[in-house]
Every structure is written in C-alpha cells, then in structure tokens.
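Note sheet for the following structure.
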C-alpha cells in the first residue's frame, strides 16, 4: 500500500511505506490479514458456522494527550487519528491478537486519515471492523460481494473421480479463492452425491492448510520480532559485564614479565650447558639420609670435626693427661 503526501500547493507525491523490524511493510501486513479474514469467513460460511474471532479494537478517539498535538486535535472524533503540532494528521491502528501498532502514514486532512484507518481496519478485522465511515465502506463491500457471488456461481468447482485439473479464475478479482481445483468429468453425472462430498472435503482441507500456513508464518515473524530486542539486550549486558570484569581485575604478572624462559627455550639451552657444572640431586641429599650417632655412645668422646665442646672438657686419647692447666689464665 502506497502512502500519499499532499500539501495545499504541491501535487501528491507517492512514497514507499516504511518497513518494520521484520522486513515487512504495512501494505504486506494488511494484505496478509485480508487474505486471512477472507479464508476464515469463506470456511465458516461453507461449514454453516459463524467465524470465531476476538472483539476488534475500538480505536482511540482522544487523539494526543491534553495540551499536545495540533489546534484541531481536541475537536477530532475519528478513530485512530490525531493531529501533529504543525497541522498534519496521522493514522495508526493496532493489529489483532498481538496489539502491535502500525503506522499508516501522514495526511493533509482528518477525513483522509480516517479513510486510511477504515481501509486498514477492514483488512485486519473484516466485517467486524469498527469504522469511521461505515456507510461508504458498506456500499463498497456490497458491490464487491455481489460480484464475488456471481463469479462463484458461474465457475463452480466440481470434484469427481481421480483426475484433477487446476483452474484459475481471472474474471473475478474480488473472489478470495481464485485458485480452486476445477475438475470436470463426464462421469460426474452418474455420481452426483460422491462429487459433492468430495468437493466439500477438498475445499475444507484446502482452507485448513491455507489457514495453518498463514498462522505459522505470521506468528513466526511476530516471535522473531519480539525475540530480537531481548537478544540485543542480552548481548549488551554480556558486553557490559565483560568490561566491568576487565576494569576490576588487577594487573596480573605472567612468567614472561619476570623474564623467565619458556619451556622450549629451556630445552634448547640444555645442549649448551657444561656437564661439569651439573650435579646430581641424589648426591646432594645423600648425607641427609645417613644415620646419626648411636644413643649409647659416650657423650664425653667427641669426633675430630666437633667444635661444640669447651677445650677443658676434652680428654686425651693417647694416655697423656693435661698437666699444669691451673697455671693457665683462662
């Protein structure tokens, strides 16, 4: 759906509508909702039941907050329409079920903005939509519905036998089911009941498959849009935590900071060492493993390498005694 911008003197310029986070434009979303509503209504009519839907959104009539917006904003009573400060009118609408807001564009008058809201509401909510101009839209729907009924009556799809031929309806643009299996066999005249039952079964299965496919695609896109901001927030939080940890973590010294060689350098340096400069650790620790003196050994006998005792406590080992020690001045 293209959005038009108009001013008092300039000619209308066609511009592309903005794409949302999921990559779909407003026109694409409205088209999907329109197809979905047409399929639901058609399947409900064939089964003889009313389509089950939620109550459509009322649409805000308050416009902007009090004291905000343009001068005529407080006098506007259209749904989903409000006025900017500079006088332009904007239209917005919320999607069914999820309630996400769709921006419909900027318009020179409130009536055009209200018409854009009605168009979007009709596409999203079908016949249950709450509109600003229900009479004008109702007349348009009656004309299109009469055309679709004529097209449906003239081009009935018949299923019979095992042979199927695909037929596309090109004469009626308002028919939501333009792609219907049209099978025509001469043997259908002999089995009208079986043909009717087969036709109903195929239509119901086709409608169910289309509804299921549409819902899966739509809700998949909605979930992706909702998960994107969460993923972005988680990534931002992780980055902030990493930065905080880096700031709080002290500057730790590594082996390289002390100038110690790496293992590869040690292996390479072993080839340049002199074997005479090396020693065995077992030889160094051998003396520690030798047994000490026996407890029964005389404490008065001292080894030759002992210097712990006073010289007066030493006894001669050759049979001579120390004479005249009293005259020594100690």
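Note that Cβ sites are derived from N, Cα and C of the backbone, with glycine treated the same way.
As recorded in Swiss-Prot, the features of this protein are as follows:
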type     : residues : note
DNA_BIND : 77-134   : DNA-binding region
COILED   : 230-247  : coiled coil
COMPBIAS : 1-10     : compositional bias 'Polar residues'
COMPBIAS : 51-65    : compositional bias 'Basic residues'
COMPBIAS : 237-248  : compositional bias 'Low complexity'
COMPBIAS : 294-306  : compositional bias 'Polar residues'
COMPBIAS : 310-321  : compositional bias 'Basic and acidic residues'
REGION   : 1-24     : region 'Disordered'
REGION   : 46-71    : region 'Disordered'
REGION   : 225-248  : region 'Disordered'
REGION   : 283-330  : region 'Disordered'
MOTIF    : 13-54    : motif 'Nuclear localization signal'
Per-state residue totals over the compositional bias 'Low complexity' (237-248) - DSSP helix, strand, coil: 12 helix, 0 strand, 0 coil
DSSP-derived helix, strand and coil totals, residue by residue, for the DNA-binding region (77-134): 20 helix, 16 strand, 22 coil
